[in-house]
Structure formats: structure tokens, C-alpha cells
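As written in TrEMBL, here are the features:
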type: REGION; residues: 1-55; note: region 'Disordered'
type: COMPBIAS; residues: 19-49; note: compositional bias 'Polar residues'
type: DOMAIN; residues: 93-172; note: domain 'CTLH'
type: REPEAT; residues: 292-326; note: repeat 'WD'
type: REPEAT; residues: 338-369; note: repeat 'WD'
type: REPEAT; residues: 550-582; note: repeat 'WD'
Amino acid sequence: MQANGAGQDQDSDLPCRNGAQNGAASSPGTAHSNGLVSALPASNTSTTADGKKKKRMSQCEEDVIRLIGQHLHDLGLNQTVDLLMQESGCRLEHPSATKFRNHVMEGEWDKAESDLNELKALMHSPSNTHIVMINCLCCFWVSFPCFSIQRMKFLLLQQKYLEYLEDGNVLEALQVLRAELTPLKFNTERIHILSGYLMCSHAEDLRAKAEWEGKGTTSRTKLLDKLQTYLPPSVMLPPRRLQTLLQQAVELQRERCLYHNTKVDSGLDSVSLLLDHTCSRKQFPCYTQQILTEHCNEVWFCKFSNDGTKLATGSKDTTVIVWHVDVETQQLKLLKTLEGHAYGVSYLAWSPDDAYLIACGPDDCSELWLWNVQTGELRTKMSQSHEDSLTSVAWNPDGKRFVTGGQRGQFYQCDLDGNLLDSWEGVRVQCLWCLSDGRTVLASDTHQRIRGYNFEDLTDRNIVQEDHPIMSFTVSRNGRLALLNVATQGVHLWDLQDRVLVRKYQGVTQGFYTIHSCFGGHNEDFIASGSEDHKVYIWHRRSELPIAELTGHTRTVNCVSWNPVLPGLLASASDDGTVRIWGPAPFLDVQDVEGLNGMNMKTRDAPIAIFLADFDF
């Protein structure tokens, strides 16, 4: 180890100098870059000018100091940054990067272009080549330094060209376009677009067409952010790196939280960094909020409307009840009772705009009812044949058509008046779903599979193949995932795009009864299903084990539905003749409110009942 200033120049291209500010220098054997430390041995102490020994900082500690320094610099605390760098012996970035940054922000384009030669040498340095070995494809700027410099030069000249145009210096802008940008032979399509900006009549027109903020700090800062992506982090830190890491940490904690079910601001201002993100089970829809007892027989189906303001329930008692959901209190009140069905109601489907509701019956039902929800009037009663079995239905996304079918080999596409538009013969349908493309219909059949049927070109293809009967299925909002209730197997999650089984969820009792499960919660991160053991099971989509088992029903739970707008509201329908509405605990402890996720909340905004902490809900 050399002291008293000797050997400082050997590490002049490194971002940290470990005591060099105090007269001590780093050992050549401690060269590092982005976490890569050489294998040469080095002492873990350095000597200051007054002879005192100072512990050498680790690579991680040096990185943290640089991140803190960058954040303080962004806050405008430059004197504090200087003091931090001086005392730690580190520097924020390479001097060449600092010079380049200043030239860009000052609009000195010729000097900035000249700086690229120095930066190119740094991109070729061995320590930065090692970074690529660590980060592989993530750091393509080291593998292709010439391309990177060319790209950076193009970005600089593009900014220079636009600023000339905004200032009205058309001849200078034209010279940049012809003599500097075009000879690069880089991104000729973009150059053609840039040439079109010569026709802009005024600065506002230019900024609008170029989607550019105009000459000044904002556009130059964005330019620097783009330029930095081509430079090694040992030379220039990525912009706002500390905020990025903190944001990633917060998001990771939310993703790992089994009960996180709220939509929160993605910014760091909405959370406290002093607490870990935690969500209590008491904030999750695990508690009976309401029991609906208006049906007088088994309740076979329930479904929230797309806007979350209504719930429809169908029963063996041949009625459909439409309930109003009070968004504020999350309490349900009876809105309408739709009567006249000759059979029990085993399936319901809301139209995309929630104006209509279709009701289907059990296997021996050959009729389908289409109701106007607002008026309570029956618009269409459809029956193609008394031999039909219309047990399932799905709306086309346009809201003007629907498909229906059953296990006797009928598969129809109809309009709102029940007129037959198309049919597919020989398909024994168990369950149906229309994809968002408006052409493809998914149908599970008696061959233990789900196939896709295209009514436009009359083609079909196999998508899912199970080993046991598929009793029902539903599809996620983005159309990527399908949730299947499989006889004797339980609940299976399939990826429809890759056509692979993703996960088998444990706990539920599923025999040969038709049970309907659902996606739900914030971002559809959760899955719920009824069960023949009288329970409602809830899983986090990534976990095979249930995170909640809801008890209260006394017979098989046939169907569950998660409110698509209110993520804390869940409904379940059972053979015991009731519909249960599940929500968070009616009162939260102080700890529960404070631990919602480290969010900035005032405990006075939620009711507090400390005594509830002693009870296990």
C-alpha cells in the first residue's frame, strides 16, 4: 500500500478513491467495477495524512455512498455532496462524465461531441468489459462501443438540430441535417422524419409534432437519461438510481405480501420507507358482512355486474334476484326479482354494458331467458328445440351477440332477439367463454378439454387437455389465464397462450358437482372457489396452498364471485339457500391500520376496536 499521495493516478478511472482526498491512495489490487472486485489481496485499512488508520470501505459501501450522493445532488444539496465525497474518498462519477454532462446541459454540442472520444476509451476499459461478463445481455453498450458512440452522437445532433429549428435558425439546422446527421448513415427513417420538421411554421408546431419539450433543461435532462444508458455505471450512474432501487424494493414487498389487495399510488410518496409492507388478514375479505336469505331453495349461481354495482343470484327456486351494491357501505339491497323460469337457474351472464342478463337452467332445460335489467322485462325467451340443453352462455364483447350450448351437442351463436346466426354441431358444451378478439369462443366439452372455435372461418383447435372432466372454467380479464374446476382434482390454472398447466391449487373438495371459481382482488392476484366441504377457499395466484378458508355455509358452496371494482367484496352461493357477502373485518386494530402497507394513513380515518384483537375471526 502506498501512502502520502503516491500512486493515486493508477486508479484515476475508478469512481471511488478510498482516502485519496486525505492523502492516502487505493491499492492497485482493489480495482472494482459494479460489484466486481479483483482477486488480488488488499488490506482493509488505509492511512490518512495524519497517520491515523481508516477502515477501507467495501464495494457495497462505496456504491451506497455514490447513490446517496446522486440523490443529494438531485435535491440540490451540492455542498453536502462535496463534503460526503471528500470525507469518504469517493467521487460521484468519472470526471469525463461530469464534463460531458455539463456540456450537454449547457448546450455546447461541439464540446459534448468531442467528449465522446474520452468516453469511448472508458467503454473499452477492461474493468467495464468485466461488467458485461457479470450482467451479460443487460449491458450491450460494452459489447458494441462503436455502435453506442454512434447512437449517442446521433442523439446529440438530433437535439442540436431541434434547438436550431426552435430558435428559427433554419440554415444552421439544415447544415446539421445534411453535413452531420445524414453522413452517420444511422436510422435513416428517423432522419426523414426530422427533415419533415423543417416545414413547421412556429416553435409550438415543432414541439407538438416532434413530441419534444423544447430547448431547455427538461429536454436536455431527458437526453442525458437516454445517453447514460450507453455508458457503464462505473462511469456515470443511471439517473435517479436510488429512487429506482427503493421503488423496486417496495414493489417486491407488495408482490410477496399474501394479503395485499388494495390499489395504491405506485410512487414512493405514498409509502413510508421506515416500515416493511404488511397487510393483515383482517383487511382481507374473510369475514361475513351480510347473509342474503331471500331465496327459498338452493342457490346455484352468483355473479357481480361488470361495473360492480349489482349482484345477480340464481336459484333452484326458479328465480333470479338482482341486488344493488352500495359502493360506500358495501351493503346489498334487493333491487329486482325476475320470475317465470320453468326450471332452476344454474348460470347467469351479464352483458358487457350490464344492460342485459341471461339466465340458463340445468341439464334438462331447453330455454334461455334474456332480461332487461333496468326495466325487469323479459326481452327474449329462446328455445331452438325441445331436445336442446342450454346450460351455459357467454357474451360476445360487442354486446350484440351471445353463444350458448349444452351437453346434448348444440352450440349456437344468436343475436339479442334470439335469432340464430351460426351453429356448431356435435359439440357437447359444459362451459363457454368469448375472447376479447370477438371471433374466438372457448368451450369445455365432455372430452375433458377446452377448444377454441372461430365462427368466422369455422376452424377449431385444441387448447387445454385434462385427464378428468372439466366441470367449469373462467378466464382472466387479459385473456391469458384460465381457471378450471376439474372433477376429483380441484382447481387448476392454465396459461392459454403457452397452453401449459401453471398450478394446481390444494385444499378444495371437488367431486362431480359443478362448482364455479373466479379470479379477483386487486390486479386479479387472487383465486377463490367454492367446495363440497361447505367452505370457500382463497389462494394467492402464485401459491398452491390456500391463504384463507371461509366457513359459515352449511352445505356445498356452488359458486363464488369477486366484485371487479371493489376488491374487498366477495360473494358465495350455497346449497344451504343463502348467499354470503364477505369483506374485511368490520373494525381494525390500530396496528392493522398502521400496517396497511406502510401507507401514509391516519388511524382516525378507520374505526378502532382494540378488544377485537383477542378474537380469532
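A Cβ is built for glycine as well, from the same backbone N, Cα and C atoms used for every other residue.
Here the structure is a predicted model, which means the values were calculated and not measured.
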Key: Residues of the repeat 'WD' (550-582) by DSSP state, where helix covers H, G and I   = 0 helix, 16 strand, 17 coil
Note = Beyond a gap of at least 6 residues from its ends, the CB atoms lying under 8 Å from the repeat 'WD' (550-582) belong to 261-263, 283-293, 295-304, 306-309, 311, 313, 315, 325, 327, 330, 332, 513-522, 526, 528-532, 534-538
Query = Which whole-number mean pLDDT does the model give the repeat 'WD' (292-326)?
reply = 97
Note = DSSP tally for the repeat 'WD' (292-326), helix/strand/coil in that order, comes to 0 helix, 19 strand, 16 coil
Query = Taking DSSP states H, G and I as helix and E and B as strand, how many residues of the repeat 'WD' (338-369) are helix, strand and coil?
reply = 0 helix, 12 strand, 20 coil
